Amino acid sequence: MSLEKLLNREENDSSKRTDFMGRWYLKMSKICERDDREMDYQNWKFLSYQEFELINEWNQQGKELTKDNCERLLVNMDKTHKEWVEYQKFKEQKDAIIAELKESIQIIKQEPSIPSGADANSVVSSDTEQIQDSETTANSKKSPAINGIKTSGKSPTKSPATNGRRRGAGGNRRVKRPSNLSKTVRSRNATDGDENGNENIENGGTTPKRRSRPKKILVSNVSKDVDAEEEDDIHTEKDASGSAADLDKDIVDESINDSENAPRKRPVSSTSLLSRNKSNKPTKSSPLTPDSAREKENVNGVTEGNEDMDHDSVLDADDSAIGSDDNPNDEQEEADDENVDEEAEDENDEAEVEDDIDDLGAPEDDGDDDFAPSYSAISKVKVNKKVNIDSPMPAIQKELRKMAIKSSVAKAMKRKFTNCKVISYSPESQLEIKITLKQLHIRKYKRHLAEEERKRKAEEALIKAEEEAKKRKLAPPPPPPPQQVRRVEHDLPTYGMKITLKEARAIQRHYDQTYITIWKDMARRDSGRISRQLQQIQSIRGQNFRKTSSLCAKEARRWQMRNFRQVKDFQTRARRGIREMSSFWKKNEREEREMKKKAEKEAIEQAKKEEEQRENLRAAKKLNFLLTQTELYSHFIGSKIKTNELEGTMTDDSLTSMSNNKNKVVDLTKTAASKTNVESIDFATEDDEKLRLMAAQNASNALKETQDKARKFDEEDEEDGELNFQNPTSLGEITIDQPKMLACTLKEYQLKGLNWLANLYDQGINGILADEMGLGKTVQSISVLAHLADRYNIWGPFIVVTPASTLHNWVNEISRFVPQFKILPYWGNANDRKTLRKFWDRKHLRYGRDAPFHVMVTSYQMVVSDASYLQKMKWQYMILDEAQAIKSSQSSRWKTLLSFHCRNRLLLTGTPIQNNMQELWALLHFIMPSLFDSHDEFSDWFSKDIESHAESNTELNQEQLRRLHMVLKPFMLRRIKKNVQSELGDKIEIDVLCDLTFRQAKLYQVLKSQVSGGYDAIENAAGNDDVTSDQKLVNLVMEFRKVCNHPDLFERADVMSPFSFVSFGESASLSREGDFVEVNYSAKNLINYNLPRLIYDELVVPNYNNDVDVRAKLLYHTMNIFHPANSFQLCFILSKLTDTSPNKFATLLEQNVINRAIDLQNDGYFNTAKYSIAYDEGEKIFSSNLLINDKLKYLHLLKNSTSGSVLKNLLEIPSSVYENEYFNSISPAYHPAASAPPINIDVLASNNFVQKKQYEMFNPSISSALSSIPSSVQHKLIVEKGIPIEELPVTEMAPKAFNNSFTSYIEMPSMDRFITESAKLKKLDELLVKLKEEDHRVLIYFQMTKMMDLMEEYLTYRQYTHIRLDGSSKLDDRRDLVHDWQTKPDIFIFLLSTRAGGLGINLTAADTVIFYDSDWNPTIDSQAMDRAHRLGQTRQVTVYRLLIRGTIEERMRDRAKQKEHVQQVVMEGKAKENKQKIIEVEKEHSESA
């Protein structure tokens, strides 16, 4: 059994205590962290608020700052400085005192340890006296002026016992604990180590009474005074080998800590502490425990003096009364004592938790008294100092030393609980303890002895039973020692009685029911009460938390308000001073910074200027070096192939003269070939002559590499064993005649081009044939292939790569000009191309006249997709038609074709420059990679100067332009039409400017208002290339272009029709019917009206009750003069005149108007007379009277009798012209919102009404007379059935509508409005009428296929014959469309897409080109218009370009002109005058909305 169990209470389970402490530690750690964060936030908030107020006040005071105020401010600043100096002195004094204390501590530590057998009490007393002396010295050195150190002026009256105790304590001074600490202040009991009590014994003094001090001390808001000795309660952890000196060291350290905090402490008299402690009565929140009661008794013992003896006598009496074993209430008292012990242990646990919380306290704030804990919070803290056998040795020694000091007191108070005295103690040899057990501990000890005795007896019985079982070789189960063995029968207890099975079962059932009833009562009665108690505890706890937090917040606010008022004036002055000083220093720093930046900027600009000068000089030398090497190479090649002579007189004379005046040219054949890297040359130090020599060596090396490459290609072919004449013996000048196998006659300039191409092939150099479109680049390239086959017996393989639209054109041209060539058309799907690849064998095939193919014609798409197959072939010659397709050096086409293995490459393009100089460099690098290897250098040479000249009309460097022409001449041949074709006249270009219509202007304005970036950015995007502009801006440009073309590109006009309030009948499946289906009248109104039978019978149907029949008789019989019964003589006369019998008169009177008209048309004599006139059959009828027939009159009556209205059209020519010109243009001014058939009327249970209604609505004779009979039915009646014409039923008697617009309520969109809503379409409509009259044929180019759809509707409305070609047209369809246009002159208009129909096709049948909208690239439009303006054109070509004034199209046109100017400068060397004619269409103010 542990020492703690014997001295105090039983120890709880260690595992439960560990879990409990861990949970509380985590919970309180979170609370402390939250409190720290909240405290930091409040401090930051208050300091920020103070700083803000301080700056505001300084700003306000700065406005009113005068001379007096400035002097006053300086005085205050001096005063503050002096205070700060005094504070520094005080701090230095404090540090000196602490240093002295530490020196004294070091002296104490250096003393020898306590020897064995020495008196521990004397050592402790001497140490305590030294510490007290040091404290007294430290307190005496401190200045009394320092705040926080106050001595007690008066000493309260004390009892003799108290005075004696204070004298026995050696005059200990009480030191104040720091006020900002939030830890609970704890005090020791009188029995917890009064080290000074031993001093009186040694001095022979009387034994003092047990010293009692309150355990909880209330710390006031002003000052918190505690005894310095209370710091000894701090827990210390020492090693097991520690000695008594370690304990003294702990006490000294605690004293030092108290001395360091001395400026914030003041002593408090013991009387004030006692009186404060008396007021702390136990409450509900802090119940009175045995420890607290004992402390209460100790405190009372200090003031009451001799009352302790009476109290002890009472306790002894109680002990004697309780200690008797015969007391019947012992068990109840033991249970109560156990409850008391458990409560005390719980309180000790709570005290330990609170001690841990104190260790995790929030950061301390000096001078912050407002947040000091209240007494209620402090009173809950319990001191827990438990020492057991397992505790460290220093703690056990300390506890034993305290016990020894207590035992030295002569008379100890009798206690209710266990008392322990240490009789003698030696740390190494002896420990003698006298323990007096009383009350609870005696009973527990007795129970413990009885339990041990029972266990011993049980173990002995078990051992004895096991021994007996071993003897009998049986192992009976050990009997349970504490339980009573009951006799059991039939698995039921008998309770020591003889009972039957039935009785036992009844007793067991009664027991079970009683057991269950007890548990039910407990669950029903106690569970709710426990739950309510738990909820009540939680609610009370929450209320306490809320109250505490509200009080804390209230105290914090009160503290802030108080401090705010005190510092307000100081903040105002400080703010003004800060503002003035900050403004002054900011201004000063800004001026210095500006001066420094200015100086740095000037230095940087000067350095940059010098660097630019050096770089310009270096770049000029580098440019001169590169150009010199290129010019030498170009001059050498040009002298061999004579490009200048072939081009004719198209170049500028000034450039030619400047070229003639050039310095002497170096002969590359005599110059050593060596390559010098440009990056390794230092252009700043090398001289010009050396650079010129290195340039000549590089040019010679490039020439040698080119020739070696061609020679190597030829040698590889020779190694294959093919016998041909591919290697000419010399490189001399060759004059070539037209090849014999060429089935055409070349013109003079085309023959010159053939010579140039042949010379290029002989030199092994690639070239660009850039003749203007329409000069026969195709036939020249075909002629050079024929030349190779005719002269050198080189039959291939040749490859021609062309756009998809010209594939068939190339096949046709090669077949027509060189029939001996076998052509392989390589296009189609994957399976078709796989079959075509069987025509060549890359290993053993020799290309001669009998080869499977000579020329392969394919497209750029096929080259990219089947590059893996085509790259393995060794092509003799590659021709790229429309080479602007590889204008981008980053495209896959360019990279794939560059990797092909071929001897020579020829590029065919009419526009080598479309947008910028980069495209020209891509073509040059493709044919000569060794010379034109850097685009950046090429751009520095030419691009920037020429493009800036075209854009801003700056001065052009003629020397640079001359050098560009010198570089390009050997590789490019270009002729224009006016220099080589005198029979082909210049085309006329006309820009037609139109104004926006009202609807277009509104849409354009709406789009401009919705653009966020501004309309100027849109116009800039329209002026730039589509590949370089922002894609979003390009999309907006397209929207504006749609408005300019036609508003219906956004939204088409809808077909309008009224709401049909009708139900239609549903028919069966029409698949089983014939060509014609009879459909009955099935349209019915959704409204049905039931006419009452009585009304119908009495008012409508004649009978005896009404006079309907009588009135009809009077109207149609009695009062009718034409009735035979009334006037027979008149009827007889009329019958003679009209050839009508009286009976017929009577019949006609009974009929309605429709039946009369039908009978008149069906009259046999009348029809016979009509048809005899119509069909020239003569008079075949007999008449007793003379009848004069007016043939013209009868012809008008017969106009509806012929099928197809042939006779009607012949008879109504004047009226039809009048109607077409005037009446057909009239449209209804009103369109009903709804339409419906008549309301259905029914009479219930009346068959007469149903029959009459059916007869009136569906009379066959009336229906056939009002409608027309189809032609097929008429043919069947006359031819197949043989019915005479005169017996055919009468038809088309219904009156016709005013015009087609009045035939139906359905309103179709007006085509006239469709035309007038677009300014371009309106102008085009007028232009086409003029061109149709003058017998022109027109090509109309579009950028948008949707606009082509609208144009087809317009052409259909105007009945113009037209065909269409766009990107969706197949290759076969394109060939057929071009053939139809060239061979069928009745086709008036050809609609084409600029991208699809502007490349490589011949449309010379047209003499007029109209651009409905222009392309971004002007060369695309040039190629499109040259489809008609080319060889074979015999008529004057006119080009119209439709533009909208003041819109984005004008900006695009200006940019296109700049690009054209770049082409003119590069190709021709000078700007060409603009010969375009501009026609402005004046704005019509009468345009319809």
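Glycine is no exception: its Cβ is also placed from the backbone N, Cα and C atoms.
A quick note: this is a predicted structure, and the numbers were derived from the prediction, not measured.
Per Swiss-Prot, these features apply:
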type	residues	note
REGION	112-375	region 'Disordered'
COMPBIAS	122-142	compositional bias 'Polar residues'
COMPBIAS	149-162	compositional bias 'Polar residues'
COMPBIAS	164-177	compositional bias 'Basic residues'
COMPBIAS	179-190	compositional bias 'Polar residues'
COMPBIAS	198-207	compositional bias 'Low complexity'
COMPBIAS	235-252	compositional bias 'Basic and acidic residues'
COMPBIAS	268-289	compositional bias 'Polar residues'
COMPBIAS	305-319	compositional bias 'Acidic residues'
COMPBIAS	327-371	compositional bias 'Acidic residues'
REGION	467-487	region 'Disordered'
DOMAIN	518-643	domain 'DBINO'
BINDING	ASP771, GLU772, MET773, GLY774, LEU775, GLY776, LYS777, THR778	ATP binding site
DOMAIN	1323-1479	domain 'Helicase C-terminal'
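The Cβ of LYS777 (ATP binding site) lies under 8 Å from the Cβ of LEU769, ASP771, ASP881, LEU908, GLY910, each of which sits 6+ residues away along the same chain. By neighbour count, meaning other C-beta atoms within 10 Å, the densest spot among the binding-site residues MET773, LEU775 is LEU775.
All protein chains included, ASP771 (ATP binding site) registers 21 other Cβ atoms within 10 Å of its own Cβ. Apart from ASP771, GLU772, MET773, GLY774, LEU775, GLY776, LYS777, THR778, the residues listed for ATP, the same chain places the Cβ atoms of GLY910, ARG1430, LEU1431 within 8 Å of the centroid of those Cβ atoms. For THR778 (ATP binding site), other Cβ atoms within 10 Å of its Cβ number 22. Cβ neighbours within 10 Å of GLU772 (ATP binding site), excluding its own Cβ and spanning all shown chains: 21.
For GLY776 (ATP binding site), other Cβ atoms within 10 Å of its Cβ number 20.
Long-range neighbours of GLY774 (ATP binding site) (same chain, six or more residues apart, CB within less than 8 Å of its CB): LYS977, LEU984, ASP1426, HIS1429, ARG1430, LEU1431, GLN1433.
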